[in-house]
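A quick write-up on the structure given underneath.
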Amino acid sequence: MFKRPSFLRRQRHTVGRDDWSAFPVRQLFVLALCRICEPIAFMSIFPYVYHMVEAFKVTDDDHKIALYAGLITSSFTFAEFSAGMFWGRMSDKIGRKPVLIMGLIGTAISMIVFGFAPNLPTAMVARALGGLLNGNIGVLQTTVAEIVTVKEHQPRAYSIMPFVWCLGSIIGPAMGGALAQPCQNYPGLFQRHTIFDSFPFLLPNLVCVVVLVFGVIVGFLFLEETHPEKRYRRDPGLELGNWLIARCSGSRVQLTEDDTDIKVDANEADYFNYGDVPPPEYRSTETSPQLAPIKNVGALSGDDDIEGQVKGEQCGTPKAFTKQVIFNIVAYGILAYHSVSFDQLIPVFLSTPKSDDNFVLPFKFTGGLGLPTKTIGFMLAVQGVYSMIAQLWLFPFVVRHFGTLRTFRLVLLVWPPLYMLVPYLVLLPSILQTAAVYLALISKITLHVIAFPSTAILLANAAPSSKVLGSINGAAASTASLSRALGPTITGLLHSKGLESGYSIIAWWACGLVCVTGTIQSFWMEESEPRRDSEKAGNSDSTAGIPMRSSFPAGKEYATPEEERRLLSSTRTSVDDLDISNLDLTQIEPAPRSNPLAFAED
């Protein structure tokens, strides 16, 4: 194996927990801007869905309105379950970026249909359409896994998307409640006998469409493809975004009238400026040099591109659903089931009137805390604020000190006692009940914000290859959607039966039993290193002896002495691990180029 001489070695980037200069901030920020559009749109309907069903006049029984409102909500979840695998596989075939953008467009279409819905069936179809056309939950997890491959960076990165969801889930309901029925709430601004009077719930949906269009534009211009093969394709949207950034920053990059490609003066372009670059795991266009195809530009045929060369050099697609992948998907489904069941049970428990029946301890008792709606809303708002804080700071701290799998198991061990103790809050003195409720809510959110990102990291690292990561995350998203659809339904039935029989603990203890099952199952799970790193290491032998022509500008296969020095000393090229005995670095005069510098996305 070839080792660089000591005098050519430069201090390499460390990827430890204290080195955050290489953290892919820009791409995660762009991804977060795309992500926040969805919870805003999804959660905006909840403040007015009851009044929307009431306006449809489908029933005269007020008690059944909640049932029909639940049907509208569940139609999205079941549709999302049925389409999750499809979108995951589609992202493996055409790339992550197109699927993410199509998901945002599909959500926008469903919001328009929902705003114009004249009856309950149309509203349900609109929500189902949103679930069918949007598979972004699994694809987003895949994209994060491919952007962040340094293990020390994963806890921080995987806490960002849940934080963004929490933020959007606060903005969405506030916006939906404020903009619904504008002719009634803002008669000075919205006149009667207008479109907003005929469709009183159209305005919040139109605003959501504007937000989603913003997400589409941001994604099209600035989001990079992360698929291991599709990222080498030419991306006109990203080129346009880079051109806009360059124009705004006063760069010399310009777009000519005759050529739509971005042209850079070759004498001024610094291809090997590695003064402050990320570690080898991050190959992003925001910091890496633009690479030319492996072949001479002049020798390329119309169908010859980097993506095709990479496909030819890589082995076939490995089996996606290995034993560890299946274990992780099952764990994700179990976690989603009992977590969403708690979210449904706790407001019902808090609002249920106190029972005057005689208690037969330790198991036979009913009733709730009888809290007013305003108090419950404030408690849940406090829970949401704490959730955002815990996502960003608590989860990375805990995982960094205890490890992902160990943390996940500890959380699952603590969770069942919480479920089993919550119904006993009715037995506490009234003066202690409020504090106990806050303690239960904070405990649940603490476990929640640690468990879900942990499963995402474990699942991403268990994937045998990034080429099947989309299918794996699609299956996980479908499993979670099914669990979130079945959980509230089954738990609601158990809670009703428990109140009728006098045992209100039935639903809570059933959730605890499901969690215990997940705890036992977690001991068959194993923690793996990020697969993208091991793939690179495994391919080092196959790349040995191949001329590293793609590291130089188009039409130039050999390096100048200055380029030799920078190439060998760069942190970007892992020549420590390569046999480059066949690498020819003989200095020759560069061949004249008739074409401008060609860019190939890295």
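Cβ coordinates are placed from backbone N, Cα and C, and glycine is handled just like the others.
Taken straight from Swiss-Prot:
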COMPBIAS  528-538  compositional bias 'Basic and acidic residues'
REGION    527-602  region 'Disordered'
TRANSMEM  29-49  transmembrane segment
TRANSMEM  67-87  transmembrane segment
TRANSMEM  98-118  transmembrane segment
TRANSMEM  128-148  transmembrane segment
TRANSMEM  160-180  transmembrane segment
TRANSMEM  201-221  transmembrane segment
TRANSMEM  329-349  transmembrane segment
TRANSMEM  378-398  transmembrane segment
TRANSMEM  411-431  transmembrane segment
TRANSMEM  439-459  transmembrane segment
TRANSMEM  468-486  transmembrane segment
TRANSMEM  505-525  transmembrane segment
Any contact, the transmembrane segment (468-486) to the transmembrane segment (329-349), with at least 3 Cβ pairs under 8 A: yes
Sequence-remote partners of the transmembrane segment (378-398) [C-beta within less than 8 Å, at least six residues beyond its ends]: 155-156, 158-160, 162-163, 166-167, 169-170, 347, 350, 371, 407, 437-438, 441-442, 445-446, 448-450, 453-454
Same-chain residue ranges lying at least 6 outside the transmembrane segment (505-525) that approach it to Cβ under 8 Å: 324, 327-328, 330-331, 334-335, 337-338, 341-342, 345, 363, 365, 405, 408-409, 412-413, 415-417, 419-420, 422-424, 458, 490-492, 494-495, 497-498
Contact call for the transmembrane segment (67-87) against the transmembrane segment (329-349), three or more Cβ pairs under 8 Å: no
The transmembrane segment (201-221) in contact with the transmembrane segment (329-349), cutoff 8 A, at least 3 CB pairs, sep 6+: no
